[in-house]
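Noted in TrEMBL for the protein shown:
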type	residues	note
TRANSMEM	9-29	transmembrane segment
DOMAIN	106-268	domain 'Alpha/beta hydrolase fold-3'
ACT_SITE	SER194	active site
DOMAIN	325-385	domain 'Alpha/beta hydrolase fold-3'
ACT_SITE	ASP352	active site
ACT_SITE	HIS382	active site
Amino acid sequence: MPSQHAREMGLKAVVVTVLLAAALSYYVYNPMPDAIQEPWKLMAVDAAFRTGINLVREDAFSAFRGCKSPAGVVPGVKVSDITFAGVPVRVYEPPAGGEGHLRRGLLYLHGGGWAFGSGSEELFYYYYLFTAPCRMISDELNTVVVSVEYRLFPEVLFPEPFLDCVAAAKHFLSPEVLDKYAIDPERVAVSGDSAGGNLAAAVAQEVATDDSVPVKFSVQALIYPVLQALDFNTPSYVQNRNMAILPRQVMVQFWLQYLGADISLQPQLIANNHSALQHSVLTPELRSRLDWTSLLSQKFKKSYKPVVAERDSHGLLKKIPGLLDARSSPLLAGPEVLAKCPRAYILTCEFDVLRDDGLMYARRLKDAGVAVTSDYYEDGFHGCLSFTSWPLDFDVGKRVLRNYMTWLQNNL
């Protein structure tokens, strides 16, 4: 028979195992809306993302740098790592095309809260969330895809990522580069997801209003884009404040990091103190550009009420001037800017804090005379387009990716 000591050690092992299992379950468990398919899979993905965000906060994520997916190994597509105007890019070239057979061109800006997602980040994130869509678009749509490896937090802050993307965009749109890759100058798109959607919208505005750029983007395709940081109490922000992948406090953290502000200000922004009525710079005209009570349909407003603070005791707009910059918040651009923008595809998901950003931008573009296709998913969640490959595959992700590619095929 086992000794008393052995029995005690066995019991301790069981207790430790049970406690660890309970702790893991507590960490992973996050209640999901009934419309979400495979909720436990999404919980597991969410737990992995939270771990990654914590690593960034502790500056330990750099341990994964250097695990780069090698160029030139994607079947059917030539992959090259070069620079555009000094900015690192990865170019995906389809086998078809060549002289006399002009191809589409697409500048893609990845998401990741301006902190994740570069091609030099860890292989797992890069392959599953980034390589597969670019490869598919290039291969299936006969498109030269240029993914921009703009610099990230904490290396740089706003406006540097935006400036990187603008520099790469202008280089890509130059007649010499378009000719080199046999790209039709009338069929060039800019696209991006999440923070990349933010950059894509801002780049589209910059190029559209810059008379020194002879070739313009013909379309912009924005996938659950981040478009404003003055109201963190829109219906979608409140409804999805604890939703997987991108809860409200994480999005606010990303904004504070991007704009070079102290993370301790997070509660102030969540309370909308930074957009208090006392701020004379926030004129009625400026506020109207993100007034969800007039820009959203009743289906999305539901019974939510605006959250408007009277006073800002912390002087937040002076501490964080980037909050009012349309280069960081494209939804703040005036109608004269929006009217010059290319026709748009804007994808939004019900279970996403950013849903209303995209819906408001679609409405404002339409009001400015821009043709807009709004693609809304009642069972969608933030990041779902990236989850299309086993084991991180979701049916909604596959539908989102397929419909996005179909729109590009028909409109680019």
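Each residue, glycine too, has its Cβ placed from N, Cα and C.
Confidence for the domain 'Alpha/beta hydrolase fold-3' (325-385), expressed as mean pLDDT, is 98.
Of all the active-site residues listed (SER194, ASP352, HIS382), SER194 sits in the most crowded Cβ setting, with the most other Cβ atoms within 10 Å. Mapped onto DSSP helix, strand and coil, the domain 'Alpha/beta hydrolase fold-3' (325-385) counts 22 helix, 19 strand, 20 coil. Taking the Cα atom of each, HIS382 (active site) and SER194 (active site) are about 8 angstrom apart.
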